[in-house]
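What Swiss-Prot says about this one:
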- Gly10, Ala11, Gly12, Lys13, Gly14, Thr15, Arg123, Thr132, Tyr133, Lys200: ATP binding site (BINDING)
- 30-59: region 'NMP' (REGION)
- Thr31, Arg36, Gln57, Leu58, Val59, Gly85, Phe86, Pro87, Arg88, Gln92, Arg156, Arg167: AMP binding site (BINDING)
- 122-159: region 'LID' (REGION)
Amino acid sequence: MRIILLGAPGAGKGTQAQFIMEKYGIPQISTGDMLRAAIKAGTELGKQAKAVIDAGQLVSDEIILGLIKERIAQEDCAKGFLLDGFPRTIPQADGLKEMGVAVDYVIEFDVADDVIVERMAGRRAHLPSGRTYHVVYNPPKVEGKDDVTGEDLVVRDDDKEETVRARLGVYHSQTAPLIEYYGKEAAESNTKYLKFDGTKQVAQVSADIEKALA
């Protein structure tokens, strides 16, 4: 079961990725984790990536695709894998296709921008412990205070409205075209395109996914 997840930042991909991994016993492949692991292991691609990063440049699609090819050849990917955060662009999707990576399911989580902004702007964090809250969905016992220590909660820079809207802008210009790309792929190949309403309760979205993948 080879799956690609699509959806804007804050659409709930991470939560459902965890569910899919546990339910179907397949690993989540994150390009960031792969890069860090390759650099740490000092592989040939890792060395190339490190040189590029040290020079303050972006790692090329060629290096990322090479890392993915190495990663999916590993034993734990025999039953499949979950690609999260890749592809982000049409050229990356083309590269994956040219490499002969067949995709069984593309799963899109659909959530309106304003809902994502509300979700993320409502997040509060206790930085020393990493505990997170939400003013609406998971409020602390005392407003603005961590449940355990009573220390102040903060809004992380990543969760500020202007940052969220900027990230959504990048998503719409770069990644949203993949929705059309994979919709077309589904019409022409064995890839199935599944779209879920990401505003539903987490358990309901998980149940919908399980039903669709049955």
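Including glycine, each Cβ sits where the backbone N, Cα and C put it.
Across the region 'NMP' (30-59), the model assigns an average pLDDT of 89. Around the Cβ of Arg123 (ATP binding site), a 10 Å sphere holds 21 further Cβ atoms from the protein chains shown.
Long-range contacts of the region 'NMP' (30-59) within its own chain (CB-CB distance under 8 A, at least 6 residues past either end) are made by residues 66-68, 70-71, 84-86. The binding-site residues examined here are Gly10, Gly12, Gly14; by Cβ neighbour count within 10 Å, the least packed of them is Gly14. Here the binding-site residues are Thr31, Gln57; the one with the fewest Cβ atoms within 10 Å of its Cβ is Gln57.
If you count neighbouring Cβ atoms within 10 Å for each of the binding-site residues Arg88, Arg156, the highest count belongs to Arg88. Every protein chain considered, the tally of other Cβ atoms within 10 Å of the Cβ of Tyr133 (ATP binding site) stands at 21. Checking each of the binding-site residues (Gly10, Gly12, Arg123, Tyr133) against Arg156 (AMP binding site), the C-alpha distance stays within 10 Å for Arg123. Long-range Cβ neighbours of Val59 (AMP binding site) (same chain, at least 6 residues apart, Cβ-Cβ under 8 Å): Leu35, Ala49, Val52, Ile53.
In three-state terms derived from DSSP, Thr31 (AMP binding site) belongs to a helical segment. Within 10 Å of Thr31 (AMP binding site), as judged by C-alpha distances, no binding-site residues are found among Gly10, Gly12, Arg123, Tyr133. Non-local neighbourhood of Phe86 (AMP binding site): Ile4, Ile29, Thr31, Ile64, Ile68, Gln92, Leu96, each in the same chain, at least six residues away, with C-beta under 8 Å from its C-beta. Between the C-alpha atoms of Arg123 (ATP binding site) and Arg88 (AMP binding site), the distance comes to 25 Å.
The secondary structure of Arg123 (ATP binding site), as reduced to three states from DSSP, is extended strand.
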